[in-house]
Amino acid sequence: MQLNWKESGLRWYWVVVVVFLADQLSKQWVLANFDLYESVKLLPFFNFTYVRNYGAAFSFLHDAGGWQRWLFTAVAVGFSVLLTIWLRKQPANMVRLNLAYTLVIGGALGNLIDRLQHGFVVDFLDFYWNTAHYPAFNIADAAIFIGAVLIIIDSFKASSSDDKAIKE
(Lines of atoms letter the chains of each structure in order from A; the text may use other names.)
(Lines give C-alpha, C1' and ligand atoms only; values in the text may rest on other atoms or scores of the structure.)
Protein backbone atom coordinates (compact mmCIF):
# COMPACT_ATOMS: atom_id res chain seq x y z
CA MET A 1 0.00 0.00 0.00
CA GLN A 2 1.34 3.42 -1.01
CA LEU A 3 1.41 6.09 1.67
CA ASN A 4 0.41 9.63 0.78
CA TRP A 5 2.95 12.35 1.57
CA LYS A 6 1.31 13.23 4.90
CA GLU A 7 1.48 9.62 6.08
CA SER A 8 4.98 9.00 4.73
CA GLY A 9 8.43 10.20 5.71
CA LEU A 10 8.10 12.89 3.03
CA ARG A 11 6.24 14.82 5.68
CA TRP A 12 9.71 15.44 7.18
CA TYR A 13 11.08 17.07 4.01
CA TRP A 14 10.90 20.47 5.71
CA VAL A 15 14.12 19.44 7.51
CA VAL A 16 15.85 19.23 4.11
CA VAL A 17 14.78 22.81 3.37
CA VAL A 18 15.94 24.12 6.78
CA VAL A 19 19.35 22.40 6.55
CA PHE A 20 19.83 23.49 2.94
CA LEU A 21 18.94 27.13 3.63
CA ALA A 22 21.03 27.34 6.83
CA ASP A 23 23.98 25.81 5.00
CA GLN A 24 23.75 27.98 1.90
CA LEU A 25 23.07 31.22 3.79
CA SER A 26 26.01 30.62 6.14
CA LYS A 27 28.32 29.88 3.20
CA GLN A 28 27.17 33.00 1.34
CA TRP A 29 27.89 35.02 4.48
CA VAL A 30 31.41 33.55 4.68
CA LEU A 31 32.08 34.23 0.99
CA ALA A 32 30.87 37.83 1.35
CA ASN A 33 32.80 38.59 4.54
CA PHE A 34 36.00 36.51 4.55
CA ASP A 35 39.07 36.24 2.38
CA LEU A 36 40.38 32.75 1.71
CA TYR A 37 42.10 31.41 4.88
CA GLU A 38 40.95 34.41 6.92
CA SER A 39 40.16 33.35 10.47
CA VAL A 40 38.18 34.96 13.29
CA LYS A 41 38.54 33.54 16.80
CA LEU A 42 35.15 33.13 18.48
CA LEU A 43 36.01 30.88 21.44
CA PRO A 44 39.28 29.48 22.86
CA PHE A 45 38.62 26.29 20.84
CA PHE A 46 36.57 27.55 17.86
CA ASN A 47 37.21 29.83 14.86
CA PHE A 48 35.43 30.79 11.69
CA THR A 49 38.10 30.08 9.07
CA TYR A 50 37.29 30.19 5.36
CA VAL A 51 38.82 27.29 3.45
CA ARG A 52 37.97 25.56 0.19
CA ASN A 53 37.53 21.81 0.08
CA TYR A 54 37.98 20.26 -3.36
CA GLY A 55 37.56 16.75 -1.96
CA ALA A 56 35.18 15.00 0.41
CA ALA A 57 35.34 14.59 4.18
CA PHE A 58 38.80 15.39 5.55
CA SER A 59 39.71 16.64 2.02
CA PHE A 60 39.67 13.05 0.72
CA LEU A 61 40.70 13.12 -2.99
CA HIS A 62 41.20 16.91 -2.89
CA ASP A 63 44.17 16.70 -5.26
CA ALA A 64 42.75 14.12 -7.70
CA GLY A 65 42.72 16.45 -10.70
CA GLY A 66 39.08 17.54 -10.89
CA TRP A 67 37.24 14.32 -11.76
CA GLN A 68 36.30 13.88 -8.09
CA ARG A 69 33.96 16.88 -8.38
CA TRP A 70 31.73 14.87 -10.71
CA LEU A 71 32.03 11.70 -8.65
CA PHE A 72 30.90 13.52 -5.49
CA THR A 73 28.13 15.23 -7.49
CA ALA A 74 26.84 11.85 -8.70
CA VAL A 75 27.06 10.38 -5.19
CA ALA A 76 25.12 13.34 -3.71
CA VAL A 77 22.39 13.10 -6.35
CA GLY A 78 22.22 9.30 -6.07
CA PHE A 79 21.95 9.25 -2.28
CA SER A 80 19.42 12.10 -2.27
CA VAL A 81 17.18 10.28 -4.75
CA LEU A 82 17.54 6.94 -2.94
CA LEU A 83 16.80 8.42 0.49
CA THR A 84 13.82 10.35 -0.91
CA ILE A 85 12.41 7.08 -2.32
CA TRP A 86 12.92 5.44 1.08
CA LEU A 87 11.22 8.39 2.80
CA ARG A 88 8.22 7.90 0.51
CA LYS A 89 7.93 4.31 1.76
CA GLN A 90 8.51 5.08 5.46
CA PRO A 91 5.63 5.88 7.82
CA ALA A 92 5.83 9.47 9.11
CA ASN A 93 5.96 8.28 12.73
CA MET A 94 9.42 6.72 12.28
CA VAL A 95 10.92 9.91 13.67
CA ARG A 96 14.59 8.96 14.08
CA LEU A 97 14.99 7.43 10.63
CA ASN A 98 13.01 10.14 8.82
CA LEU A 99 15.02 12.84 10.59
CA ALA A 100 18.25 11.02 9.71
CA TYR A 101 17.39 10.72 6.02
CA THR A 102 16.31 14.36 5.72
CA LEU A 103 19.47 15.60 7.48
CA VAL A 104 21.62 13.62 5.04
CA ILE A 105 19.64 14.85 2.02
CA GLY A 106 19.78 18.50 3.13
CA GLY A 107 23.52 18.27 3.72
CA ALA A 108 24.19 16.45 0.46
CA LEU A 109 22.23 19.05 -1.52
CA GLY A 110 23.98 21.93 0.27
CA ASN A 111 27.42 20.61 -0.65
CA LEU A 112 26.20 19.66 -4.14
CA ILE A 113 25.28 23.27 -4.88
CA ASP A 114 28.77 24.39 -3.79
CA ARG A 115 30.45 21.85 -6.06
CA LEU A 116 28.33 22.84 -9.05
CA GLN A 117 28.55 26.59 -8.42
CA HIS A 118 32.17 26.95 -7.29
CA GLY A 119 33.94 23.65 -8.00
CA PHE A 120 34.67 23.30 -4.28
CA VAL A 121 32.84 23.21 -0.95
CA VAL A 122 33.03 26.20 1.38
CA ASP A 123 34.15 25.10 4.86
CA PHE A 124 34.48 27.45 7.81
CA LEU A 125 33.72 25.78 11.17
CA ASP A 126 37.17 25.29 12.72
CA PHE A 127 37.42 23.47 16.07
CA TYR A 128 40.81 23.00 17.70
CA TRP A 129 42.69 22.23 20.89
CA ASN A 130 46.03 24.01 21.37
CA THR A 131 47.64 23.59 17.93
CA ALA A 132 45.64 20.51 16.85
CA HIS A 133 42.84 21.49 14.46
CA TYR A 134 39.97 19.25 13.45
CA PRO A 135 39.43 19.64 9.68
CA ALA A 136 37.18 22.63 8.94
CA PHE A 137 33.62 21.75 7.98
CA ASN A 138 30.22 23.38 7.39
CA ILE A 139 26.56 23.01 8.35
CA ALA A 140 25.93 20.51 5.54
CA ASP A 141 28.77 18.29 6.79
CA ALA A 142 27.42 18.44 10.34
CA ALA A 143 23.91 17.50 9.13
CA ILE A 144 25.28 14.54 7.13
CA PHE A 145 27.30 13.37 10.15
CA ILE A 146 24.36 13.65 12.56
CA GLY A 147 22.08 11.91 10.05
CA ALA A 148 24.59 9.06 9.61
CA VAL A 149 24.89 8.63 13.39
CA LEU A 150 21.08 8.50 13.69
CA ILE A 151 20.93 5.85 10.94
CA ILE A 152 23.50 3.75 12.82
CA ILE A 153 21.62 4.18 16.11
CA ASP A 154 18.37 3.24 14.38
CA SER A 155 19.94 0.10 12.92
CA PHE A 156 21.08 -1.01 16.39
CA LYS A 157 17.69 -0.24 17.90
CA ALA A 158 15.95 -2.08 15.06
CA SER A 159 18.19 -5.15 15.36
CA SER A 160 17.71 -5.10 19.15
CA SER A 161 13.91 -5.11 18.78
CA ASP A 162 14.19 -7.82 16.09
CA ASP A 163 16.15 -9.95 18.57
CA LYS A 164 13.43 -9.45 21.20
CA ALA A 165 10.74 -10.45 18.70
CA ILE A 166 12.64 -13.62 17.78
CA LYS A 167 13.04 -14.60 21.46
CA GLU A 168 9.32 -14.16 22.10
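Using the three backbone atoms N, Cα and C, a Cβ is placed for every residue, glycine included.
Swiss-Prot annotations:
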| type | residues | note |
| --- | --- | --- |
| ACT_SITE | Asp123 | active site |
| ACT_SITE | Asp141 | active site |
| TRANSMEM | 12-32 | transmembrane segment |
| TRANSMEM | 67-87 | transmembrane segment |
| TRANSMEM | 93-113 | transmembrane segment |
| TRANSMEM | 136-156 | transmembrane segment |
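Put simply, Asp123 (active site) is 9 Å from Asp141 (active site) when counted between their Cα atoms. Residues 9, 11-20, 23-24, 27, 72-73, 76-77, 79-80, 83-84, 86-87, 121, 138-144, 146-148, 150-151, 153-154, 157 of the same chain sit 6 or more residues outside the transmembrane segment (93-113) yet have a Cβ under 8 Å from a Cβ within it. Here the transmembrane segment (12-32) has Cβ contacts under 8 Å with residues 48, 50, 87, 92, 98-99, 101-103, 105-107, 109-111, 113-114, 122, 124, 138-140, 143 of the same chain, all six or more residues outside its ends.
All protein chains shown were included, and the count of other CB atoms within 10 Å of the CB of Asp141 (active site) stands at 21. Secondary structure at Asp141 (active site), taken from DSSP and collapsed to helix, strand or coil, is helix.
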